[in-house]
Amino acid sequence: MTLRSKMTKYIFVTGGVVSGLGKGVSAASIGNLLKHRGFKIFVLKLDPYLNIDPGVMSPYEHGEVYVTADGGETDLDLGHYERFIDVELSKDSNYTSGKIFSNLFTQERNGNFLGKTVQLIPHFTNEILNTIEKIATKHKPDFMIVEIGGTIGDIESNSFIYAMAELALAKPDRFFLVHVTYVIFLEASNEFKSKPTQVSINSLRSFGISPNLVLLRNSKMVPDNIVEKIAKKSVLNKDYVISVPDMKNIYEAPLYFESQNIAQIILSHFKIKDIEPDLSKWNKLVDSIKKPKAYKAKILMVGKYVEFLDAYKSIIEAFKVSSYEENIDLKMDWVDSSKLELTNLDEFLKGYDGVVILPGFGIRGWEQKVRIAQYTRENKIPTFGICLGFQAMSVAHARMKGIKNANSREFANDKNDETYILDLIQGKAKDKNLGGTLRLGNYTTTIKENTLAKKIYQKDQVIERHRHRYEINSKYIDLLEDEEFVFSGIWNEGKLAEICEVKNHPFYLGVQYHPEFTSRPLKPNPLFTSFLRVLIKNN
């Protein structure tokens, strides 16, 4: 079933009371159910902050930067969208106030406004609407899900809410609003309080707009009397006010939404006949999550931003979905590499089945990553390196080969005795700005025969997503390779090393790219799955 001959329908998702309610998972779950009904889905995240994109934001501020196939540096919610909906999104899927303002200022400098005073209303709000409509025209989805970041009442969100209200007024038959809000529970009095949710909905009404569907978030089910109270105060049918409790696993959300007839409510609003979705594969996924596991594995995640695990959100999800597929009870322990005690690694690593050396930027903890890469190689501990992890494994190998001061130019010091086996990618040396100057998005890697990488991928070429500025200096590739160590994946166009591995080792493989961005709940990336298989085989 498809609506491609019709105009795109817009489903907006907003949040109320507090942030971090799961708007992204809610939007992704709605997209999942509509996709399972045969509709074409596109998702847009509108973020009110003034950064052009999250590319140079601290992981502690924003979590991971999710990279799209076309090289967009975007919000981590896009990871939820791609994983839940199994759709490849693009740079068009994330716009910030900063990005929209930048476009607006360019137009102003070009004289497009004919000397008029440029204001938030109507010029900025018009630019928001133009952005939404251009994307809809370009991608031609049946449904375009638009998540607005932040919460209702935030000053920085007001222009987006105003623009949304304008769109609702202009296209009422193509507009649907889902409001995700938090219902407070007071432990002291053992009761739910609905007033903040009512205020949130009233704030929407002050813009001339009412939600079509309200999702009530809490760790537990919101009782019927509170649901009825909120529905009455919101002038909504009780069936359109739905309690959404915390779930043991986020992948249960689409099935819960289906049980609450959320897709039916949306389709009924647009006067579209519902069809029965085939959710058998998703049901099987959730069953695999819930069932008792046949195996156990424990891995050490060696990172840099471990105090805020959203910095590694896609890696965590990639390992989880692979563990579900392999029926493994997986435990991930996290350590800040800069705090590693290198003098007692024997004792520290005891009890771990494998080690993952994680991505990151900056010198803090770099030497410890190199040392642990050398230790796990020498002691035959299964090791998987991603991005900076690949670089640490390569530098460790170079030093083991006798290149005593092998290093990356990223971490150059004032000494003249270092050998930079990792250097700026050609063409990046002259870039003065940090933002948008990395090697980003999809690139094709050619895999060598008779290697672990070939055994894992079962392909001659693979396409994976990249986000880095430094690569193995091509003049050192032949020097570093030997009977034990091989660069098993190469980007032929620029002779860039993309995969390294060690023979005669249970598993010692690093990748310059980010395989976590192509892992899906129903199609796990084989690198994560293969790594876990080795762990349970060793056990």
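One-based numbering along the chain as shown.
Even glycines carry a Cβ here, placed using N, Cα and C.
The following features are taken from Swiss-Prot:
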ACT_SITE  HIS514  active site
ACT_SITE  GLU516  active site
BINDING   SER19, LYS193, SER194, LYS195, PRO196, THR197, GLN198, LYS229  UTP binding site
BINDING   SER19, ASP154, ILE155, GLU156, LYS193, SER194, LYS195, PRO196, THR197, GLN198, LYS229  CTP binding site
BINDING   GLY20, LEU21, GLY22, LYS23, GLY24, VAL25, ASP77  ATP binding site
BINDING   TYR60, GLY360, LEU388, GLY389, PHE390, GLN391, GLU410, ARG469  L-glutamine binding site
BINDING   ASP77, GLU147  Mg(2+) binding site
DOMAIN    298-539  domain 'Glutamine amidotransferase type-1'
REGION    1-272  region 'Amidoligase domain'
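Take GLY20, LEU21, GLY22, LYS23, GLY24, VAL25, ASP77, the residues named in the record as contacts for ATP: the widest Cα to Cα gap among them comes to 12 Å. VAL25 (ATP binding site) falls within a helix when secondary structure is assigned with DSSP.
Confidence annotation: the domain 'Glutamine amidotransferase type-1' (298-539) carries a mean pLDDT of 92 in the model.
Spread of the CTP binding residues is 30 Å (greatest Cα-Cα distance among SER19, ASP154, ILE155, GLU156, LYS193, SER194, LYS195, PRO196, THR197, GLN198, LYS229). The separation of TYR60 (L-glutamine binding site) from GLY24 (ATP binding site), Cα to Cα, is 19 Å. The least crowded of the binding-site residues GLY20, GLY24, GLY389, judged by other CB atoms within 10 A of its own CB, is GLY20. In sequence order, VAL183, ILE184, PHE185, LEU186 are the residues near LYS193 (UTP binding site), counting only same-chain partners six or more apart with C-beta under 8 A.
Every protein chain shown contributes to the tally, and the Cβ of SER194 (UTP binding site) ends up with 20 other Cβ atoms within 10 Å.
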